[in-house]
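Listed in TrEMBL:
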DOMAIN    39-380  domain 'FAD-binding'
TRANSMEM  483-502  transmembrane segment
TRANSMEM  514-533  transmembrane segment
TRANSMEM  562-584  transmembrane segment
TRANSMEM  596-615  transmembrane segment
TRANSMEM  673-693  transmembrane segment
TRANSMEM  713-731  transmembrane segment
TRANSMEM  743-769  transmembrane segment
Amino acid sequence: MDPNVRDLSGLGLKFLAPEEAYNDKAAEQRANPRAMSDFKVVIVGGSIGGLTLAKTLELYGIDYVLLEKSPEIGPQLGASVGIQPHASKILDQLGILEQVKSKAHPIYEDRIFGPDGKRLRAPHGINGLYYGLSGYPLMYLDLQQLQLVLYHSIEDQSKIHVNSDVDRIEQLDGFVRVITKSGESFRGDIVVGADGVYSQVREEMWRIADKETGGSHCVPLRNSITCSYKCIFGMSERPQGTPNNATFYTFHDQHSYFCISGPEGKIYWFAFFKNDKTTVDRDIPYYKADDAREQALKHVNEPLFNGLRFGDLITRQSTATMVPVEEFVLDTNFYKRAILIGDSFHKLNPLTGQGAACAIETATLLADHLKEALDEGATPNDDKIYSMFSQILAQQKPRTTKLLEKTKKLQRLHALENSVLRYIQLKLLHRLGPEHLSTLYVTRTTPGRKVKYLPETFRSGAALADEDVVANPSERRPSATKLWMGLMLLIALLGPGAKFTLRAQRASDPNESRVLQTYLIVLSIATNSIFVLESHRPGRWMTILLWSAIPYSMLSTYTFGWTFYAPLYFAIFIALSAVQEFYYPSPRAISPSTAAALPYALLVSYGPLMARALWTLLTKPEGDGISNGWDTNLSHLSFPFLVNGIGDMMMGDPLKISQLQFDFRDMDCLSQFYNVLFLAASAGHVMLISQFIPYITTVPIADLSLSLCAEWVEIGCLTLAVVAWSLFTVWDMQRVNLTQVSLLKAFLGAVVGSVLIGPAAVLTGLWWWREYPLERGRNKPAQEVEPKPEQKPEVRA
Ligand SMILES: Cc1cc2nc3c(=O)[nH]c(=O)nc-3n(C[C@H](O)[C@H](O)[C@H](O)COP(=O)(O)OP(=O)(O)OC[C@H]3O[C@@H](n4cnc5c(N)ncnc54)[C@H](O)[C@@H]3O)c2cc1C
């Protein structure tokens, strides 16, 4: 028998292999270049990353060889894997989604429990959320099953070599040469390390890089591999009475549990334990079976949920292992002709089940780039490979880094790492409904990718993929954020500062004073209304500082006034809106019942106050006006409560989250609200100015206290804040492709508007205008939907 062909018929697989075999095959392919490219990829690792890459390369007609150290593909290691909607989308394109679904267990609800095992809230139905928003479910299955489905979908399995434990890389210039522990040598154009968290390709790549660059390349990369938790994971027979199709999270001090009901009566489970200290790379401890047993024994009596204890899972287990939870995204994932994908490049805590999805994304991204490069005709040279790998890194590093950071934060919360997190997790977060959680789901899912050169087969949900919508959000440059924030903070300080340095007093003339104070109240109503409206955007709970308008109203009312807090709020808004997902996919729409409540709450809260002001101004030209008294304060503070109360009363039939947050059914009511506010603000401005003009024409110039009057300082500062805010809003929306309005137009509009209809009306009009580009931004670009002019946009539920 040819020594280069290993007969593994005992495993039901037949493998070709080493370099000579490759060379024969390559010669054969060169004779028939359309069948397979000359370019050859050496893939190391036959799990999710490696097999996904192999499958995509096969579909693209790009040659490869896959080396897997295990004696079989898909050994049962007792691990589960979560299939997120963005992974399903790619599996759909690869044509294997239905097979995966047949092996997987869909998740319909999630349940959360405190340290006593008692439920913290009613189960959230999340299935509708996943389906409604993405068109795909969330499901879990054995890692082995996913590997096998991928493997069996590959037509030419002769390219997959098991029992090939890669030991060394001997060449990375011009071509690559990979040597296995058994001495076999494989040659290719690039080598891909899909060999997991303890990647040998990574070690070799770093060894070569260090040798060639004088030993400095890998140190910072190594130091980025950190570990703060260990995890015992396993699968057990699901205890009777355990709800089906659900995930269960139990929070304990310095540790947490995550269980998932799986297929065939199984339950997958993870117990995460915080380590005493964070360790780095080679100092990360590894565990033996005894360590796992010892750790488990300490917790066997701990309640999980529904009367179940950790020990109940242990006694029913079929497998259980303790591993360190490494967490990292490498700063760079390639050197010369070697590149890392999957867990060797980005390793996340399994708590959010993103590992497989990330591996699938990076693998297909690499395949797309390879196809593009090869379609250009010439075999990619070193420069081309460098530029291709750089682009892959630039695309995938920010995406996985964001997922890594979010997962880390979630783990800290679940393990109640300190008393603040304990309070947030046990006392606050369980109050959030699925409508709040949807923001979390969409921000993980919509940035997912599609395989560029395979037919698009997917179903779309209400939230389209980032790459399919008009909006093109990106992280704002920190320097720009600082500049705009600085401007707002300066304006915030201007009011108190000017009053102090000018020693400005309230206007001494009662008539002037009442007109100006009424004017300031109109301005504060518009500002408070925007605060309240913004607090109802579904994503604001994540940016906790904008979650509620009440602190701003209270502080403005009782401390430094609106002149200080309005620009301060704008500065905070600027800081929190710098993240990529702020304009998309964070939902714009607020609940229709809240939108419907807004105009009523506005009228009830401020109507009597405004009526009294109007009455006084019209009937008592010389009398007192309204001032910032208890009734004004009560109006400001009652408004947010009334919105909630009336909103609850107006709640109609329950709607799906996707309908609530990703369509425009709130827009009509929002328009009414903005209409009322805009009319009141502009009418107030016109009336007060008309009151003021006769006054300044009759009073001798010398008697006017304009220059030092505190009210004028406040009005001036608020107007400045509104103009600056208008400029920022338009500038930022330009940045994310939501408007083409020029800054000059925005500036002129804000200034002229402030003079003609007043800054309160400008602020209201700005926010009203902003809803429309935001709404358009989450749709497909116009040329793709081709809307007819008379056609109303379709509701995508
Ligand atoms: C405890 C645990 C639980 C997890 N649970 C989930 C989950 O619920 N959901 C989820 O999405 N993800 C989960 N993951 C992560 C998920 O399994 C991985 O993120 C995913 O499999 C990434 O695949 P990969 O191909 O990059 O690496 P891996 O799956 O680690 O595969 C690496 C492959 O390379 C092979 N290999 C290693 N060294 C060599 C070598 N020298 N030569 C040749 N071959 C080699 C290995 O045998 C293996 O087949 C979990 C991970 C762990 C550790």
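Just so you know, glycine gets a Cβ as well, placed from its N, Cα and C.
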Legend entry - Taken over the domain 'FAD-binding' (39-380), the model's mean pLDDT: 94
Legend entry - Outside the transmembrane segment (713-731), six or more residues from its ends: residues with CB under 8 Å to it: 484, 487-488, 491-492, 494-495, 498-499, 502, 504, 516, 519-520, 523, 527, 561-563, 566-567, 570, 574, 739, 741, 743, 745-747, 749-751, 754, 759-760, 762-763, 766, 770
Inset, instruction - Compare 483-502, 514-533, 562-584, 596-615 by their Cβ pairs under 8 Å to the transmembrane segment (673-693) and return the stretch that comes out on top. - result: 514-533
Legend entry - Contact call for the transmembrane segment (743-769) and the transmembrane segment (514-533): at least 3 Cβ pairs under 8 Å, seq gap 6+: yes
Legend entry - Same-chain residues at least 6 beyond the ends of the transmembrane segment (562-584) whose Cβ lies under 8 Å from its Cβ atoms: 398, 402, 443, 446-447, 466, 469, 471, 473-476, 478, 481, 484-485, 488-489, 491-496, 520, 523-524, 527, 531, 534, 539, 543, 545-546, 552, 555-556, 713-714, 717-718, 721, 724-725, 728, 732-733, 736, 738, 774, 777-778
Legend entry - Contacting positions for the transmembrane segment (596-615) when only residues 6+ beyond its ends and CB under 8 Å are counted: 518, 521, 525, 529, 532-533, 625-626, 631-632, 635-636, 638-639, 642-647, 649-650, 669-670, 672-673, 675-677, 680, 684, 687
